[in-house]
Amino acid sequence: MTSSLLANLLTEPPGVAHYMTVGAVMFVCGAMCMATKRNALGVLMGIELVLNGANLNFIAFGSKYLDNGGPQLGLDGSLIALFVIVLAAAEAAVALAIALNFYNNHDSIDVDRADQLQG
Amino acid sequence: MDAIYWPSVFFLIFGALACGFALAVLLSANIVRMAFYLVLSLAATSGLFFLAGQEFVGAMQLLIYVGGTLVLLIFGVMLTSQERFVNMKTLAGDWVIGMIAGGALLSLLTAAAFSVPEWRGPERAAVENLPIEPNATPIGMGLLGARVDQIGAPADERAGMAGYLFPFEIVSVHLLVVLIGAAYLARAKRRSNPLPTG
Amino acid sequence: MASAINKLLDWMLSGLGLSVSADSAVGYIVAALIHITLIINLVAVGALVFIWLERKISGRIQDRLGPTRVGGKFGWLQTLADGLKLITKEDLMPDGADGFLFKIAPYVSFAASIAAFIAIPFAGGPYPWIAQHLNTGVFFVVAVLGLEVFGVILAGYSSASKWSLFGAMREAAQVVSYEVPLGMCAVVPVLIAGSMDMVVIGNQQAGLFTNWFIFHDPATFITFWVYLTCATASVNRAPFDLAEAESELVAGFHTEYSGLRWSFFFMAEYGSMLSVSILASVLFLGAWNGPIPVASMLGLTAANGDVPGYIGNLLGLLNVLFKGVVGVSVMIWIRWTLPRLRIDQVMATCLKYCTPIAAVMFLGAVVWQYNLPGRTFFGLLAAPQETFAVDEGWAALPTTTAEPAKPAMVERGAATSLAPRLAANQGRGN
C-alpha cells in the first residue's frame with residue numbers, strides 16, 4: 001500500500017492525509033525540540049513548530065482542493081489557522097520577554113537552571 | 001503512465017523542505033542555525049498553504065510569522081547569544097527518550113492520517129475542474145461576523161456556523177494586553193538599591 | 001502564456017515530426033523561466049542604473065559632477081566598471097565567522113528582494129503583465145518585503161564583528177516596527193478598491209489623474225506621504241539607514257563583506273527600493289495609467305484587438321517603470337539632503353508619528369468612503385462607476401436565501417415571553 005501511495009504522489013493530487021503527514025513530522029519535531037533543548041529560545045522554536053504542524057491540519061481540512069468527500073471545515077479551517085498565527089505571535093512576544101527577564105536575572109538561558117521554585 | 005500532476009510535485013518539494021528543515025531545527029545544536037532553519041521551514045509551510053488554495057493565510061503566515069515573530073525570535077537569540085549559550089548540547093539520555101517518544105507519536109499520527117479513506121486525496125479529474133475561488137473576502141466577512149460561504153445552507157445547518165466577530169474582538173484585546181505585558185516585562189531594569197540608604 | 005509557448009514549440013518541432021501537447025510541462029517551465037529571467041534582469045539592470053543615478057544625483061546635490069569618464073558621456077558605464085572590480089576582488093571571510101550563514105546571507109536578502117516582484121503587475125487591463133496574478137497581491141508583496149531583513153540579520157550575526165551585530169540589531173528593531181505603519185498605509189487603498197488584487201486596484205484608477213488614489217480623498221493624500229516615509233525606513237535608506245551608519249558603525253551589517261557578496265546586498269537594496277516605489281505607484285499613483293489616458297484615447301486597449309492591447313500594455317509598462325524610477329530618485333534625493341536620525345528618533349518617528357497618523361488616516365478613509373461613496377477629492381467628477389465594481393472573481397451571492405427576518409423573530413419571541421413575566425412581576429409588586 002505504501003509503495004502505491006508513493007507512486008501515485010506524482011500523478012495524483014495530494015490529499016488531506018499527505019498534509020497531515022507533513023504536519024505530523026513538524027509537530028513531532030517541535031515536541032521533541034521542546035523536550036530536549038536546553039536553550040529557552042530553542043524551546044520557543046519548538047512551540048512554533050508545533051503550532052505550525054497543527055495549523056497545517058486546519059488548512060488541509062479547510063481546503064476544497066484536498067477534499068475527497070470527507071468532513072470539511074471549509075472557511076472555519078482558514079479562520080482558525082489565522083487565529084492560531086495571531087496567538088502564536090502574541091505567545092512568542094510574551095515568552096521572549098520572559099526569557100529575556102530570566103537571562104537578566106540569572107545570567108543564563110538554560111531552562112534546566114530555572115529550578116528555584118523547587119525549594 | 002499518467003501525466004505528472006504539477007501541484008503534487010510542488011507539494012513534494014514544499015513538504016520535503018518543511019519536514020527537512022523542521023528536522024534540522026531539531027538536530028542542530030547551534031541556536032542561530034536553528035532559527036535560520038525554522039525560518040525556512042515556516043516559509044515552506046506557507047508555500048503549502050498557497051498550494052492548498054489558502055492564499056490569504058499563506059501571505060499572513062509570511063507577514064506575521066516569518067516576518068514578525070521570527071525576527072523577534074532572532075532578536076532574542078542575538079540578545080542572549082553569548083559564547084556558552086550558542087551551542088548547548090542535549091544530554092544523550094534525553095535524546096534517546098525523546099527519539100522513542102517522538103518516533104512512537106509520529107508513527108501513530110501518520111498511521112491515523114492514512115487510515116481514513118476519505119483523507120487520502122481526491123480524484124484528479126475532480127480537482128482539476130474546480131474553479132479558482134479567491135477566499136480573502138469570505139475570510140474578511142467571516143471575521144466581521146457574516147458567513148458568505150454559508151448563505152446557501154439551510155437554516156438548521158447554519159445554526160452552529162456563527163461568524164467570528166467575537167473571537168476577533170477577543171484576539172484584538174488579547175494582542176493589546178500582550179503588547180503592554182511584553183513591554184512591561186522586557187523594560188529596562190532600574191537597579192534600585194535593596195537597602196535603604198538613610 | 002504556457003499554452004502559447006507550447007503551440008509555438010509544436011509549430012517549430014512539427015518539421016521534425018514531433019508534437020507538443022497544449023498543456024505540456026515544457027511550456028510551463030519555459031514560461032516560468034522567462035518570467036524569472038525578466039524579473040532578475042529588471043533588478044540587476046535596475047541596480048546598475050540606480051547606482052549610477054545615485055552617484056550623479058549625489059554629485060549634483062553636492063555641487064560635483066559625479067562620474068564622468070567611464071563609457072563616454074555622463075559616465076554611464078561607471079557601475080559596470082565597479083561591477084568588474086567587485087567580481088575580481090578577493091572574497092574575504094573573517095576568522096571567527098559562522099561560514100555557512102555568512103556565505104548564504106546575501107543570497108537570502110537578494111532572493112527576498114526579487115521574490116516581491118513575482119506579484120507586482122507591470123501593465124494592467126484585462127490581460128495584465130504580471131508573473132503570478134495573486135488574489136492577495138498587496139499583502140504578499142508587503143509580506144515578502146519584510147523577509148529581506150533576515151539576510152541582514154544573518155549577515156550581522158555571522159560576521160563575528162561588533163559593528164555588524166549592532167547594525168543587524170538596529171535593522172531588526174527598525175524593520176519590525178516600520179512594518180506596522182507600512183501595512184496600515186497599504187490597507188487604505190485596499191479599503192477603497194475593495195480588493196487586495198493589485199491588478200484590480202490599478203484598473204480602478206483608470207482615467208484622468210483625478211482618479212488616482214492619492215487624490216481620492218484627503219486621508220489618502222496624507223497616507224501617501226506616510227507610506228513614503230515608512231517605505232524609506234523599511235528599505236533602510238537614509239535618513240533611516242541606521243543599520244549601516246557609516247559614521248558610527250563603519251559600514252554596519254556589511255562591514256565584513258567584500259566582492260560579489262557585498263554587491264548582492266546592494267542589488268537587494270536597490271531591488272527593494274524599486275519594489276516599494278512600484279508598490280506606491282500601484283497603490284496611490286495610478287499604476288499603469290498615465291495622468292491623461294492617452295492609451296485609451298488612441299484606442300490602444302485590449303477591446304480593440306490584440307496588437308493595440310499589446311501596445312497599450314507597453315505604454316503601461318513604461319508608466320509603471322517611470323513612476324518606479326521617480327520614486328527611487330526621490331529616495332536618493334532624500335538621502336543626500338537629510339541628515340541621519342538617531343536610533344531613538346527613528347523609533348519615535350515610527351511609533352509616535354507614523355503609526356498613529358496611519359491609523360487616523362485609515363479611519364478618515366473609512367469615513368469618506370462611508371459618507372461619499374464613489375466620490376473623489378476633487379468632487380467635480382464622480383469616478384466611473386463601472387471601475388468601482390469589485391471584481392473578486394466569486395459569483396454574486398444569492399440574495400433570496402438570506403433571511404434578514406431572523407433576528408427580528410428572535411426579538412419578538414423574547415418580547416412575547418417577557419411580557420407575561422413583566423405582568424406577573426407587576427402583579428406581585430402590587
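Our numbering is plain: 1 for the first residue shown, then up by one each step along the chain.
Positions of Cβ are set from backbone N, Cα and C atoms, glycine also.
Keep in mind that TrEMBL annotations are predicted by a computer and have not been checked by a curator.
What TrEMBL lists as transmembrane segment is C:32-53, C:104-124, C:136-157, C:178-196, C:208-228, C:270-290, C:310-334, C:346-370.
Long-range contacts of the transmembrane segment (C:104-124) within its own chain (CB-CB distance under 8 A, at least 6 residues past either end) are made by residues 35, 39-40, 42-43, 130-134, 137, 140-141, 144-145, 147-148, 150-152, 154-155, 158, 198-199, 202-203, 206, 257, 261-262, 264-265, 267-269, 271-272, 275, 278-279, 282, 287-289, 312-314, 316-317, 320-321. The transmembrane segment (C:310-334) and the transmembrane segment (C:32-53) are in contact, since at least 3 Cβ pairs between them lie under 8 Å (pairs 6 or more apart in sequence). Across the candidate stretches C:32-53, C:136-157, C:208-228, C:270-290, C:346-370, the maximum count of CB pairs under 8 A to the transmembrane segment (C:178-196) is reached by C:346-370. Listed as Cβ neighbours of the transmembrane segment (C:136-157) (distance under 8 Å, sequence separation of 6 or more from its ends, same chain) are residues 98, 101-102, 104-110, 112-113, 115-116, 118-121, 164-169, 171-172, 175-176, 179, 182-183, 186, 189-190, 196-199, 201, 234-236, 243, 252-254, 257, 265, 268, 272, 275-276, 279, 283.
Beyond its flanks by at least six residues, the transmembrane segment (C:208-228) meets 181-182, 185-186, 188-189, 192-193, 201, 280, 283-286, 289-293, 330, 354, 357-358, 361-365, 367-368, 372, 376-378, 380-381, 383-384, 387 of its own chain at Cβ-Cβ distances under 8 Å. Long-range neighbours of the transmembrane segment (C:346-370) within the same chain, counting only residues 6 or more positions beyond its ends whose Cβ lies under 8 Å from a Cβ of the stretch, are 173-174, 177-178, 180-181, 184-185, 187-188, 191-192, 216-220, 222-223, 226, 229-230, 233, 240, 242.
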